[in-house]
Amino acid sequence: MGKGFFISKTLTIAGVIVGAGAVATIIALSVVYSQEKAKNQEVKPTNGGTSPPTTTQVTPWDPWDHYRLPDSLSPVSYNITLWPRLEASRSTGLYIFTGRSAVVFECKKPTDLILIHSNKLNLTLINGHHARLTGLDGATPPNIKDSWLQPVTQFLVIQLDGRLQAGNRYELYSDFTGELADDLGGFYRSEYFVGEIKKVVATTQMQPTHARKAFPCFDEPAMKAVFHMTLLHPHGTVALANGMNVGRYGTVALANVDGQDVTQTSFQATPIMSTYLLAFVVSEFDFIRSPEGEKVLYFQIRIWARKQAIEEGQGDYALEKTGPILEFFEKYYTTDYPLNKSDQIALPDFSAGAMENWGLITYRETALLFNNASSSNADKEWIATVISHELAHMWFGNLVTMRWWNDLWLNEGFATYVSYLGANSAEPTWNYTDLIVMKEVYKVMSVDALASSHPLSTKEQDIMQPAQISELFDSITYSKGAAILRMLSEFLTEPVFARGLSTYLNTFKYGNTVYQDLWNHLQTDRNSNELPASIEVIMNRWILQMGFPLVSIDTTNGHITQNHFLLDPESVVDRPSEFQYEWIVPIKWIKSGTEQTPFWLKSKTGMDTHPPLKMIGSDWVLANTKVSGFFRVNYDTANWERLLTQLSTNHEVIPVINRAQIVDDAFNLARAKTVSTKLALRTTLYLQKEREYMPWEMADRNLGYFFLMFDRSEVYGPMRAYLRKQVMPLFNHFQAITANWTKIPDNHLDQYTQVRAISLACSSGVPVCEALMTSWFQAWMKTPEKNPIHPNLRQTVYCGALAAGGVEEWNFAWKMYKEAPIASEAEKLMYGLTCTREPWLIQRYLTYCLDPEKIRKQDATFTMVYIAGNVVGQSLVWDFVRANWNYIYNDYGSGSFSFGRLIEGITRRFSSEFELKQLQQFIKENSDQGLGSASQAVEQALERTKANIKWVAENKADVFQWFTDNSKLI
């Protein structure tokens, strides 16, 4: 899902689908390009997001100056024919597509105005107007008085000389031409090579507001309709769409169209659905499919990819797991899969991880293709998770859809949550559901603990413009949404949660909803006497106000309180909340290892007392077991000490998830000045005995913050020595059980822990580890055709070896990156290349980032963020982005660039007044143009930088002394 504001090579002259005008269109396109680009750049993106609108905002007078469609018309069906040209014009070098569309709509209220979305399309004039209107079923249409394109709000405006009548149906027909650009949005172009031959794929990404770039349409989620698709394409290519192709093969060879022989493929009509779920692809891909009559499946599953990838079996794992995951969701929702096929296709260029187009799911290659010889355990997990996420949408999001984008969190948060359930069902030995705590819950808490965070759900009127909609595709929407729904499922119980979902889906299938509809269905299946309030009352406090609570427990007297947790307690929260930042909190807890009766914390006023929390002797309390609730926990000093004692004496008494919780809570409470930094650091002392993945992962993340803050100071030396001391037992453990690194552990999470052991040992300077990585990489350089490094370890080894090496190693890795047979291997090398310590090599790599021939547009953001993680590269990438911001902003745009991710990644090390001033100057310099979907990320970066400056000043001396004292070998 692309983010940011996009300005492309806009097409402005008329074209036709099959006529001789196509050639003239291409020629004229190049003439008007610079004029139209300049015109579009005058449209300034707003400071969108979920910030409350200002009171000085001017209300537009004309309907076409509003961003929302009026409620006077409702689409019924579309009949669309598109012809993408897979070869560039010899005269202009541009790729185009031509098309025609006929949309049938019903008039709901009398009106003399038609507004329909159209963006970057060149509409052929028909009798002097941009479209043709006819009446259906005896209805007489008024004449078109005037028509024009409104580029700011992306409308085709049609004024009539009379009114359309309520209850009547009409058809609007248009011919158009568009650019098949490489911008990763709408109907776009992807490229790959077979040997020296370039292959072009015509594909789509409609979410959130890009269907209007492919054909004129009512491009809002609630404007559902039936779609009839036909694609014209070259012989030797295959066409796919949401529906199955019509007839046995669905193709009819056309003798001659505009002087060219082409193939026509028509598709079955779709169910009633939203425009953002449309997809169509023309390619030379091949596929594998589920065997006829397999199990109980009554629909066809196909995995599509480049022919070489299919021949090498890279789609086999996806095919193997898709059926079981779909069967799991059919049982979970107690609703049949609503389509007769499930196509999944891996694209060389794709902006998001995947897109849940109904019946034709599109993926990055890394999210669908797996190779046993070169893909890692993490690659397999990612594929299972993404497939599960997208298949979950086939019901929740596609069958039943949010009414407007302000409730995107329910769509994406739900799919994120149940993706862990679906993946766990497909890989039951992974114990995968526990990992949601690290991958979603704690990840998003670091964002939601900022005063510049935002609520999950907002008012519809606060989200209007495309840039504002794109900005919603962030970690709050996905990860916090998942965490909140997981918490809801926990306190309702999963069976109750699933039954409520089933009735919700069956009641609203093929329709649109708001989040309250789900609350109501869950409430009907739950005895309200078992809860402290209705589900809506409880959950509104979690979705309508930002942030989350810090629950404080005093075990000396059983008192328990809550308050809004902020990483910087001095930051100003200027976003009001009708709930005064108070939550109704479900508390699950254990006492000295034994589960206790759950209870609810219902207010923050006064001092609540829960007598069972009062401890005597050596007993300890640990709240939020399994981290089932979205909150952090603090204790009185005595209870903290008892927990630390338990960790040092017999840590396994505490559940592994909660050992990770103790570490993460303590470090974040220390950053918020709630507990001392020394107490947080002491939670890592026991790690010499720890062999489980989750506590080590959380320790690595939190100590990683210390490295970001201090890796340019004198603290770095003793800090690195301490980490080396702590990780050595883990490194030695895995060296022993893997027969000196010649084997891989069987357990899924143990494989991750092995990678963490090598990574931390090498980065902290364990000599034998550094020698090991260098020797493995050198062996590969000697025999490039045979990589001796296990796929699980490659990313870590590539990084370590390139950090220790020079230009020879870097050039070898770059060559291997360009020749990588599978995208997941290329991604590991792409990361490893960022680890070099040579500034000139980093600078070279940065220039590659803005050359799509070297680094695909989809990967540019990630590469820059990876470079920023390198202490040598951080200042270089910051300078590079500032120097090239206009180019990045205008030529990469929303389809291919996540500006929010870029800003967050580059600024996370900022901790000085000089860096703060640079950031403020960057904002000032770009105030006229705007920052698109990075606006919110920049605000958060400012807040984080100020907090970092204060934290470093207050803690540097103590941290230096603590690491010095505790890094000494006994």
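Cβ coordinates are placed from backbone N, Cα and C, and glycine is handled just like the others.
Taken from TrEMBL as is:
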- H389, H393, E412: Zn(2+) binding site (BINDING)
- 45-56: compositional bias 'Low complexity' (COMPBIAS)
- 75-277: domain 'Aminopeptidase N-like N-terminal' (DOMAIN)
- 317-542: domain 'Peptidase M1 membrane alanine aminopeptidase' (DOMAIN)
- Y478: site 'Transition state stabilizer' (SITE)
- 12-33: transmembrane segment (TRANSMEM)
Running the binding-site residues H389, H393, E412 through a 10 angstrom C-alpha radius around Y478 (site 'Transition state stabilizer') leaves E412
Mean pLDDT across the domain 'Aminopeptidase N-like N-terminal' (75-277) comes out at 94
Filtered by Cβ under 8 Å and at least 6 apart in sequence, the residues in the chain of H393 (Zn(2+) binding site) near it are E356, N411, A415
Cβ density check for E412 (Zn(2+) binding site), other Cβ within 10 Å (all protein chains) comes to 25
Counting other CB atoms within 10 Å of each candidate's CB, the least crowded of the recorded positions H389, Y478 is Y478
Excluding H389, H393, E412 themselves, the Zn(2+) site's Cβ centre has within 8 Å the residues E356, E390, A392, F396, G397, N411, F414, A415, T416, S419
